[in-house]
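Undergrad: Checked TrEMBL, it gives:
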type	residues	note
TRANSMEM	B:12-32	transmembrane segment
REGION	B:43-67	region 'Disordered'
COMPBIAS	B:55-66	compositional bias 'Basic and acidic residues'
TRANSMEM	B:80-105	transmembrane segment
TRANSMEM	B:117-135	transmembrane segment
TRANSMEM	B:155-174	transmembrane segment
TRANSMEM	B:186-205	transmembrane segment
TRANSMEM	B:211-235	transmembrane segment
């Protein structure tokens, strides 16, 4: 754990935990939530989150 | 180790998210309803780029009637879903900024303890909101914008990337120049942010036309800024508190005995 106090060390020490399925699953989840909140313009979804988007100052049509 | 960081980020995100949800429910929802009421005479919140057709085609599901609009489920009202959206926004920011980014970047962030959390929060704010707002400031509903929705989404995403780059570059410059003194380091860290502001001036302008009073728009922006400031402050505060608490328990657990005098005579 002595090497863990650099950015490189953090990446190295996280590597055993970062199996491909876990990384894929994590990224997919984050992408879904992030994309839904930030970019989806599908009218139903968009209208439902309309106030939240304005409240967070995210761009809106 | 990564796992404990993620859990901490999730907890901080939950606190900030619940606060943002309450903020949306108590302040933002009434404010947005008021904006739609004020803009109502002019047909409300029509997009100027053709996506308005979507709404027109939905049969009365336009933006004029948001108070009565129902959400995805048709049972829960849209303002309620927006409250949930606020909670998820906080959770997302907590996990990404204080779970993932903080785990990997912690050794490179200047300062110690709560300062690190605060700097991470400042970087997160610049990335997610601050940089994009330089080009696309928050708008209340009912404001017509010159750029199309697609163009603005790309601009927003691009400015997020630019903001993130500026933060990372600033951190890199600070660490590199620290040996030459704090003044040099801070000056070096300021350069990327100046470039970021410069970039915002170069990018295409987005003139707006609105029927809302200018004071209302200003108040709306102040409210949005206030809301996001609360989110990031709570994220940083909760995260710093959780980190300190985690450290504290491990230290006392390892030492096994309380230091002889917890109150040193330093007066």
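Using N, Cα and C of the backbone, Cβ positions are placed for all residues, glycine too.
Any TrEMBL annotation is an automated prediction that lacks curation.
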Undergrad: Mind checking which residues of the chain, 6+ beyond the ends of the transmembrane segment (B:211-235), have their Cβ under 8 Å from one of its Cβ atoms?
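TA: Hits for the transmembrane segment (B:211-235): 12-13, 15-16, 19-20, 23-24, 27-28, 31, 34-35, 38-39, 41-42, 89-90, 93-94, 97-98, 117, 121-122, 124-125, 129, 137-140, 142-143.
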Undergrad: Check the transmembrane segment (B:186-205) against the transmembrane segment (B:12-32) for contact, please; criterion is three or more CB pairs under 8 Å, pairs 6 or more apart in sequence.
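TA: No, since the transmembrane segment (B:186-205) and the transmembrane segment (B:12-32) share fewer than 3 Cβ pairs closer than 8 Å, they do not count as touching.
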Undergrad: Within the same chain, where does the transmembrane segment (B:80-105) have neighbours whose Cβ lies under 8 angstroms from its own Cβ atoms, ignoring anything closer than 6 residues to its ends? I mean 6 or more beyond.
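TA: Same-chain residues near the transmembrane segment (B:80-105) but 6 or more away: 1-2, 5-25, 28-29, 71-72, 116-117, 120-121, 123-124, 128, 171, 231-232, 234-235, 239.
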